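Beneath this line is the structure, given in structure tokens, with notes to follow.
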Amino acid sequence: MDLYRTTLCLAYQSLGIVYGDLSTSPIYVYKSTFSGNLRLYEEDLEIFGVLSLVFWTLTLIPLCKYIIFVLSADDNGEGGTFALYSLLCRSSRMGIFFPSQAEHAHPSYDGGTSRKEGKTSLVIKDFFEKHYYSRLFLLLVVLLGTSMVIGDGILTPTMSVLSAVSGIKVKIPHLHEYITVGVACVILMAIFSLQHCGTSKVGFLFAPILVAWLLSVGGVGLYNIVHWNPGVFRALSPYYAYKFFKVTGKVGWSSLGGIVLCVTGAEAMFADLGHFSQVSLRVAFAGFVYPCLVFAYMGEAAYLSKHIEDLQSSFYKAIPEPIFWPFFVIATLASVVASQAIISATFSIISQCRALKCFPRVKVMHTSDEIHGRIYIPEANWMLMVLCLAVVLGFRDTDKIGNAYGLAVITVMFVTTCLMFLVIVTVWKRHVLVALIFVLVFGSIELSYMSACLMKIHRGGWLPLVSSLVILCLMLVWKYGTVKKQEFEHQNKVGLDRFLTIGPSLGVIRVPGIGLIYSNITSGVPPMFSHFVANFPAFHKVLIFVTIETLLVPRVPVNERLVISRVSLPEHHIFRCTVRYGYKDVRDSYDFESKLVDKVEEFLQGGETLTSSPPPNNVADSDTDAVPESSGTAAAAAVGRRRVRFRDVELQSGPNVNVRELMEARQAGVAYMIGNTCVVAREEASFAKKLAINMIYRFLRQNCRRPATALGIPHTSLIEVGMVYNI
């Protein structure tokens, strides 16, 4: 009973979060479809043909593709483009930048099946493993899909709100355009100002509005069917779609750019999956949203069949006179709800990109203790608001915004279809014919709509292409700069055995306390720390190298998050801690210090059995073999010249002694060391590389959150080491 109650509660909340965009599309679908040359075809056949196309598009894409198939491709409850990419990378070596994540993924995280793998699956995996550029192309496709989702977050609120507010012109035809634009801007600012309340509160606030909206449009649709033309049910036959294209030809094909708007918001069902559950989304859509929308579109077509002159304002003209103003208020409120779906999806996709280091560091606030997928990103929220206002003020025309909107929506859907082909074959291990049928059925439909949208690039369709291209370039530059920086650290790290035992001369002094050294490398000494020691020969009595990894899984169990290992002899008191997060994990940094020290204490008390690393006498096999003796940076050479010795080292060892020394060091204080690096392209580098690194990447680093702030490091305990990386 509790399960059913929870499912119904989530289904109710999903109405206010996920289905707002999809449910408000009747406001502008017919208007956008007949906005071009199709307005010359104003007969019942064309109207019924458009209704047939709308019905089958709504049935095939949201109901069949997403509700039945795509929602099943979740990544441990998470959805979206990156969730599909995560599944593919863990099932094979399709990832290009995440080899360490794939190696550390625990078998329990795997979302695959026990089904026997077919020859086609092995061929596809082998192809991606052998060809670097195939993996690069796959990553570009994924980033294109995510950039389109973010771009969609700009267009959805503007289209929904402006279309709803423009309905007032039906009653006040001489109202100046700037008044409706101003009202739309005020509503948009209110929408984004509410986002800090969290998805749960917004969902409960918005759900009653959408319930009232769907009941209203469904009820008005039934009234119009009965009152104006009960024979509209005949248009559900695909024969009318065939006749529509036969009569209208190329003009009818071009009108698909307006018809595709009936499925705007369908991708949000998958992208917002982390906020809800598969069952709740299916119950809400199939049981309530879908039938109400079908009645709404049928009712509007029934009205148009008797009032062909009202094509450009048919939605509001079809509302009975006595309920127009209450209906208008509900429509305006529903447009606010419509914006919520894509805003939540944008937050989710940016969070995933940030966790996988494909997006600059931003503040991610978790607004629910029960459901970790519910987040709020202040920087993204206010940036979206500014861009939405700019689009409203710049275009002021729902027809042009609709052209841009349709192209963004259908591109994301087609990317999902392509990724689903790989998921069906390599993750679900189904026969390749099943995947081909999926792609041929849904991909052909989406390509048809995409071709129609591309014909309208000059009439607003350029906007999503430009915005997604800018976002894609920023993500690629950030990823490229981050990877190059990590490569530099790996290539210039110092072997730990060389760092500790290279000669009997006096050198480093050990001071009381615990030093946490943050870096991106999992073995050896980071160049930042060796640079520090070369110039200031002292570090803490207990040293812990901390590496934070984001695995290609949504969440890592708490008991597997911290992995402790000893990387030197016991009397040196040097440890390594690998902190593993999933891309949807809550990164609680406030009590990280106490959790880490407690884990080290548990490691020592347990006889040092909590490590998967080799024992101390095999340190050379794990921490030093990656850097040959001839490897040299200025910092490494300086460390080589300073022979290291530790003063006041007790030669006795054992769990109790080590634990006591750990507690004494903890009482003396904890210091955090992190690199403050300046990444610079070499003089001989190409112009493109200098532009990407010296200008764009540097600008992003200077204007995003600082690493210490993102990690929650106390400012009073922070030691920053400045370095210049020439890449």
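Quick reminder: no glycine exception, Cβ is built from N, Cα and C everywhere.
Because TrEMBL annotations are produced automatically, they should be read as predictions rather than curated entries.
Feature annotation from TrEMBL assigns domain 'K+ potassium transporter integral membrane' to 10-500.
Positions annotated as transmembrane segment by TrEMBL: 136-155 (among others).
Under the heading transmembrane segment, TrEMBL lists 175-192 (among others). Long-range contacts of the transmembrane segment (175-192) within the same chain, counting only residues at least 6 positions beyond its ends with a Cβ under 8 Å from a Cβ of the stretch, are 157-158, 161-162, 165-166, 168-169, 332, 335-336, 339-340, 343, 381-382, 384-385, 388-389, 392-393, 396.
Here TrEMBL flags 204-226 (among others) as transmembrane segment.
The transmembrane segment annotation in TrEMBL covers 251-271 (among others). Under 8 Å from some Cβ of the transmembrane segment (251-271) lie the Cβ atoms of residues 18-23, 25-26, 28-38, 40-41, 46, 49-50, 53-54, 57-58, 61-62, 65-67, 70-71, 79-81, 149, 152, 156, 159, 244-245, 281, 285, 293, 297, 338, 341-342, 344-345, 348-349, 402-403, 405-407, 409-410, 412-413, 416, 448-449, 451-453, 455-456, 461, all in the same chain and six or more residues away from its ends.
Residues 7-8, 11-12, 14-15, 18-19, 22-23, 25-26, 29-30, 47-48, 50-51, 54-55, 58, 62-63, 67, 214-215, 217-218, 220-225, 227-230, 232-233, 235-236, 262, 269, 310, 314-315, 317-318 of the same chain, all 6+ positions outside the transmembrane segment (283-303), place their C-beta atoms under 8 angstroms from a C-beta of that stretch. The transmembrane segment feature in TrEMBL is assigned to 283-303 (among others).
Distant neighbours of the transmembrane segment (323-350): 16-24, 27, 80-82, 146, 149-150, 152-153, 156-157, 160-161, 163-165, 167-168, 170-171, 187-188, 190-192, 195, 199, 202, 206, 209-210, 212-213, 216, 220, 265, 267-268, 271-272, 274-275, 316, 359, 362, 373, 375-377, 380-381, 384; these residues of the same chain sit at least 6 beyond its ends, with a Cβ under 8 Å from one of its Cβ atoms. TrEMBL lists 323-350 (among others) with the feature transmembrane segment.
Residues or ranges marked as transmembrane segment by TrEMBL: 371-393 (among others).
Same-chain residues lying 6+ beyond the ends of the transmembrane segment (405-425) with a Cβ under 8 Å from its Cβ atoms: 32, 61, 65, 69-70, 73, 81, 84-85, 87-88, 94, 118, 120-121, 124, 141-142, 144-145, 148-149, 151-152, 155-156, 159, 257-258, 260-261, 263-264, 266-267, 270, 432, 434-436, 438-439, 442-443, 446-447, 449-450, 453-454, 456-457, 461, 464-465, 468. Here TrEMBL flags 405-425 (among others) as transmembrane segment.
Sequence-distant contacts of the transmembrane segment (432-449) (same chain, six or more residues past either end, CB-CB distance under 8 Å): 57, 60-61, 64-65, 69, 118, 120, 253, 256-257, 259-260, 406, 410, 413-414, 417-418, 420-422, 424-425. Per TrEMBL, transmembrane segment is recorded for 432-449 (among others).
As annotated by TrEMBL, transmembrane segment applies to 461-478 (among others).
Summarising the annotation, TrEMBL assigns transmembrane segment to 499-518 (among others).
The feature domain 'K+ potassium transporter C-terminal' is assigned by TrEMBL to 512-727.
Sequence-distant contacts of the transmembrane segment (538-558) (same chain, six or more residues past either end, CB-CB distance under 8 Å): 75-78, 83, 85-86, 89-90, 95, 98, 100-102, 104-106, 108-109, 274, 355-357, 372, 508-522, 525-526, 529, 532, 567, 572-585, 596, 600, 661-662, 665, 668, 671, 711. Residues or ranges marked as transmembrane segment in TrEMBL: 538-558 (among others).
The region 'Disordered' annotation in TrEMBL covers 607-627.
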